[in-house]
Structures are given as C-alpha cells and as structure tokens.
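Asker: Shown below is the structure under consideration.
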C-alpha cells in the first residue's frame, strides 16, 4: 500500500519552484491496478519517483507498506562498462535477492543466448531495455509496482512475455501506472485518476479526462500567449 | 520456467556501501587496456615529472635524502587529496541512477567513494614507496605508523573538502566547474618542492595556513630519521577537514530539500 496524505511536490529549484502535485491525498492498495492519466511534461516521472520513494515530498507524508518497486523498465543502473553478470550480481546484492535468482530469471526472461557472458556493450538498446525490465520483475514477493509510461517492452512476442510475468507478479501486488495513453491505461488498470492542474482527480471515463486535459492544455497555452502579449 | 524465488536478507548500510564500492572499483578505470594500473601510473608520472624538474633546475632536496623519495613524500599526499576530492565531486552525479533503489542515499554513495579512496591511498603508497626503495635504494620509513597517519590525514582532508565540494556542486554548477581551478595553486603550497624550514619567516607564516604543508611535513618527519619540522601540527589539518565536512551537512540538507542535483534522475 502507498498512502499519500496532503502531498505536495515542487519542481527542483533554489528560489521559485513551480508545483507538480498539490495537496494530494490518495491510497493505492495491494490488489488494485490504478492508472494515472497525465500529459507529457506534467511531471509524470517525478510523481512515479515520488511514489517509489526515490524522491521525497515537499509537504505532506507518504506511508508505504510492503515493498515498492522503482519504475519498471528503468535500466540506468546497468553500467555500460561492466559485464551483464557483474551488473546483475551487483544489482541483486543491492536489492537483497540472491544473484543466482536474478541471473537465472534474466536469462530465462530475455532469451538472449549466453546473456550472462556478454558485456553491456554487446547488447543493442532493445536488449538493454529488456534486461532493465527483467531486473525490476526479478525481485520476487508482494510489492506495489510502479510503471512510468513503460509497462511492456520489445517486440510483440516480448511484450506478451512481459504481460505474462507482470500478471504473475500482480497476483500478489498492486500497480500504479502513469501514462499519457488512455488506451494503454484502460488495458492494464481498473481504477483511474487524472493529473489535471497539479491535482489528482478520480475519474471513471478516461475519454472525458483526455478531452479535459487537452482543453486545459489549450487554455493554459492561450493564457500564456495573452500574458506574453501583454 | 522461472527460477524459484530465493530471498537473501536486505542489505544494511555497510553492505550497501560495499556493493557501491565494488561497482565504483570495477568501473573507475574501465574502458582501457591498463585498467587499475592507472592508480599506480598517475602518481609515478607525477613523481617522474617533478624529479625531471629538480634535475633541470639543478635543485637538490634541502635535507640529506634522495630527490626521488623527497618528492614522493610530497607528491603522494597532495595527489591523494586531489584524487579524493575529484572522486567525491563526480560520484553523486555518476551514481545518481543508483538512487532508484530507494535504500541508496547520497551519503552511501559518498561513503563508498571515500572508502575506495582509502584503499587506493594504501595500495598506491605501498607500491610507490616500495618501488622507490627497491629502485633507488632509499631507506625505509623511520616510523611506518607515522607515515600512514600522515597519508591518512591527506585522505581525511580530501574527504572533508571533497564532501563540501560535492554538496556545494549540487547547488552551483559554476562552483563545481571552478573547483579544479581553485585547487590548482595548492600544488605549490603543499611543500612538494621545499621544506618549511628553508622558507623565509614571513612566507612560512603565510604558508602555515596551508593544511597540506602540515601533512607533508608530518610525513617527512616520520619518513626521514632526524627531520624536525618547525610548523607541523596534527590538529590544524584535522580541524580544516572537520570544518569542511561539517559545513557540507547543511548544504546537503538544503540540496535534498530543494531536490537539487547535477544531471537528471
């Protein structure tokens, strides 16, 4: 479970800081699959990191029960100068899973011949992304899973595999999926929120939410033009 | 079939630091043929360069010891300090993605770099002083613990000032870029080329404020039997290191609260 109480998140800065999220109070429970619709540039990734405990709120409190994943699919922690096995072993020790478990899982998931004997430089970008994705899902046990735009990865066959493993993981966990894509949110989630004017608003109809977001973006663009003109 | 889930206990602070240290150690000099040999090559090249400068200027050490060991006792503490500062000033940005594992804090990342540098200080000192002893027949240190203590002081200075530079660099990119320029003159103020005793009184009084002169003199007092420094004090470099370390704490807090960092997460 992740419980937000009056949470405000501001953009980084020394003096003036624009808000990303204002006074949000929300609970994401295990067993739930919550989709958050947000426009590009509205601070989706910052909110995903906030939920994952990587960023801290500027005001308010966040309570977490059970493990919370980092945004799945993130592969930045895999060092390009290290071998795949070395990367996976360091990763496993850092998250508290036996290295063998992670290496076997990634070998199995990625289906890349001799994966653990390769260096990161041997892998093309798609395979690197697959490996990052596999790392996130290799951590067993109940968890709240966070997805920031990326929920599956690779070719259609790989995506099916991602869906299969993710469904397995979600049997014991919850999902918070932030995306700009209403269709994708509908495919994975059963409850929806929309990030509009820095507020998280409950929403049953994503089409209406999408239109509201577009209208809001249009109005703020007009307002900006008017103030620049003035 | 997926492998059976097999948990190990989640890592505590020390275990996390050790994993980050291992990652840093494996990647520090990666991408070339020579790998970790660079940790040995760089100080050797500096010593050779200053040795050549002594030879060109026909300068002899002010005390009755070989130029090579005199230079090594000056260059090594300075380089260890610089290396620690450089490593700390880069590490938060280089390892920022490790913060995706919410248990990894900037403090863990800084501590891992500090520990790795302490290991480098020890290994490089043994190799360089060993090489100088074998190749030039220089005598071994009069007091080994004293030399280690002096090298430890240079590392502590690097940790204190490096932590300050790392955290202040989160607040100002300009400061981070200016640090190498600010530190450059310290090479001339650290007693690599001279001892405090041969400096005129007024110059000695000014250079007393360079903590590196104290460190170099402490190492030479322990290395060369009978050498006594008129300036060396232990408390001064320690106080400078502690002052910068303590000053870095509110800076780190401020950067954390404002979510300031170099590079994007």
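Every residue, even glycine, has its Cβ placed from backbone N, Cα and C.
A TrEMBL annotation is a machine prediction, not a hand-curated record.
The following feature annotations were taken from TrEMBL:
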{"type": "DOMAIN", "residues": "B:34-259", "note": "domain 'ABC transmembrane type-2'"}
{"type": "TRANSMEM", "residues": "B:33-57", "note": "transmembrane segment"}
{"type": "TRANSMEM", "residues": "B:63-81", "note": "transmembrane segment"}
{"type": "TRANSMEM", "residues": "B:119-140", "note": "transmembrane segment"}
{"type": "TRANSMEM", "residues": "B:146-166", "note": "transmembrane segment"}
{"type": "TRANSMEM", "residues": "B:178-197", "note": "transmembrane segment"}
{"type": "TRANSMEM", "residues": "B:234-255", "note": "transmembrane segment"}
Asker: Counting Cβ pairs under 8 Å that sit 6 or more residues apart, are there three or more between the transmembrane segment (B:234-255) and the transmembrane segment (B:146-166)?
Answerer: yes
Asker: Determine whether the transmembrane segment (B:33-57) and the transmembrane segment (B:119-140) share at least three Cβ pairs under 8 Å, counting only pairs 6 or more apart in sequence.
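Answerer: Contact criterion met.
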Asker: Other than its close neighbours in sequence, what residues sit by the transmembrane segment (B:146-166), given a CB gap under 8 Å and a spacing of at least six beyond its ends?
Answerer: 76-78, 80-89, 91-92, 110, 114, 117-118, 121-122, 125, 129, 175-176, 179, 211-212, 214-216, 218-219, 221-223, 234, 237-238, 240-245, 247-248, 251
Asker: Which residues of the same chain, at least 6 past either end of the transmembrane segment (B:119-140), have a Cβ under 8 Å from a Cβ in it?
Answerer: 25, 39-40, 43-44, 47, 65-66, 68-69, 72, 76, 80, 83-84, 147-148, 151-152, 154-155, 225
